[in-house]
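Novice: Okay, so TrEMBL annotates it like this:
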type     : residues : note
DOMAIN   : 4-68     : domain 'DUF1899'
REPEAT   : 77-119   : repeat 'WD'
REPEAT   : 127-169  : repeat 'WD'
COILED   : 484-518  : coiled coil
REGION   : 523-549  : region 'Disordered'
COMPBIAS : 539-549  : compositional bias 'Polar residues'
Amino acid sequence: MSFRVVRSSKFRHVYGQALKREQCYDNIRVSKSSWDSTFCAVNPKFLAIIVESAGGGAFIVLPHNKVGRIAADHPLVGGHKGPVLDIAWCPHNDNVIASGSEDCVVKVWHIPDHGLIKTLTEPVVDLVYHQRRVGLVLWHPTALNVLLTAGSDNQVVIWNVGTGEALVEIDCHPDIVYSACFNWDGSKLLTTCKDKKIRIINPRTGEVEADAICHEGSKATRAIFLRHGLVFTTGFSKMSERQYSLRTPDCLGEPIVMVELDTSNGVMFPLYDPDTNLVYLCGKGDSVIRYFEITAEPPFVHYINTFQTPDPQRGIGMMPKRGCDVTSCEISRFYRLNNSGLCQAITMTVPRKSELFQEDLYPDTLGDTAALSAEEWMSGQDAEPILISLKDGYKPPESKSAMSVHKRSNLLDKMPPKGGKSPTTQSAPVPVLTPISSSQGLFACTSKLKALTFLLGLYTTMLVTGLSGFEYSGLEHCSMDKTLQEFADEIRKLKAMIVKHENRIRALEADVALSKAAAAASAANDDEDGAGGDGLNAQPTQQLASDEV
């Protein structure tokens, strides 16, 4: 008599639940680009989604409390000249995001703590190197301000974003790079390419340490490093069947596991949770999310369950563990983008009766503090990521980045100064307003109104969010409040003057229209009477000469 032993795992009963529509994000014009990207990036502060935009590329950034229907004129991040292809939040600064576009430029942006109040078009820094579109951006997991970019020119570049310089240029790929992933401490780089090969590269030198055929199919493949060094890949067979595999770095060409899933066409994105060792497979165009547990016992990749939805997904983003709700035993949260414009939030939960903190579900997880600086990493140092405990929950810190632009300065540095007051700290300037003259023209009033509105928004943002790089005394706060009131009064006067000018213009336009109508009527009468007729359009009879009678 044989007994089937059920595998013991605390994640066997993970189930997914979609939040109600009013708790999701609606009316989002998701990008229609055919590029194989997730189109979505999430961190504990913001949700970023690549959207359709006329005259260039853009993406929308939403705070997590701004749910419901999004206004059509919501501010965007729109400084690219071509469609945005990929975005990625910095793991060490929740206010910094990088974007790659078809305009061959990578831009790094700083988002205020409370979201955007106007469309953002000025990045912190532009990273210009690639000759063709940039379809992949990836931050280093442990080194501060180190960013990887890959373009259709087959080049992979590693940047020091703090200084805007390219640190390493990797040109070992003969074709387009599909995906890239750093290992746990950032000492190795894993890439997949259109030539069907998977490569393990030294990111500091660009030297290829191992390579092998990944999947036999010609469609896009993806590969990620797992926490303990194994490699997980997704791709297609020769018969266009979707596959996933598990490999060791020492024998890339001999998979430990190779499983065929189905025959769908969408590229599968593997999303990995290093704390629970769960891999979530999300296919483009699929209506399901499959999840697997990776263990050391055969068959090594254990199927757990499938989350089913009625709508196909266009993109997806995964929340870092520090943004999950530990009180409800939530181990993952996803944001699915539908073709209808809905961004649906999905929570993955392990049911527990106790309301206490579950230490077995929440080991120490990745924090938002960098273990190394970019210079230390380039010098050859490696370090494990700095971990934090979620026992007391996680509260996103306020923005600490000094966003003043100086050449070779560290623009995104969150690290506090080692001693004393920051030398870049300065008092906030208080501008002097010039009085409005009633003789100013409409154009001058409109231009001044735009300038004052911009300054008012800037000063309000400085007061509300407390931008670093400025410090205010009590007297300066009073002066700032007085300046804001002067701005408001000036804007009110300018608006009244503009309305007065517009009314005057309308009256003049009406007079001109009446004059034109009267002139046209007079000309028509002159044409009728000036022909020499009797008023009935009769032609006059020619009188015969007396000598012809």
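Each residue, glycine too, has its Cβ placed from N, Cα and C.
Tell me what's around each of these sites.
Specialist: Mean per-residue pLDDT, taken over the domain 'DUF1899' (4-68), amounts to 91.
Long-range contacts of the repeat 'WD' (77-119) within its own chain (CB-CB distance under 8 A, at least 6 residues past either end) are made by residues 31, 33, 35, 37, 41-46, 48, 50, 53, 56-63, 66, 125-128, 130-139, 141, 144-145, 147, 149, 151, 159, 161, 320, 366, 368-370, 396-401, 403, 411-412, 414, 457, 461, 464-465.
Below 8 angstroms of C-beta separation, residues 35, 37, 82, 85-92, 98-108, 175-177, 179-182, 184-186, 189, 191, 203-206, 366, 370-378, 382-386, 407-415 of the same chain, each at least six residues beyond the ends of the repeat 'WD' (127-169), sit close to that stretch.
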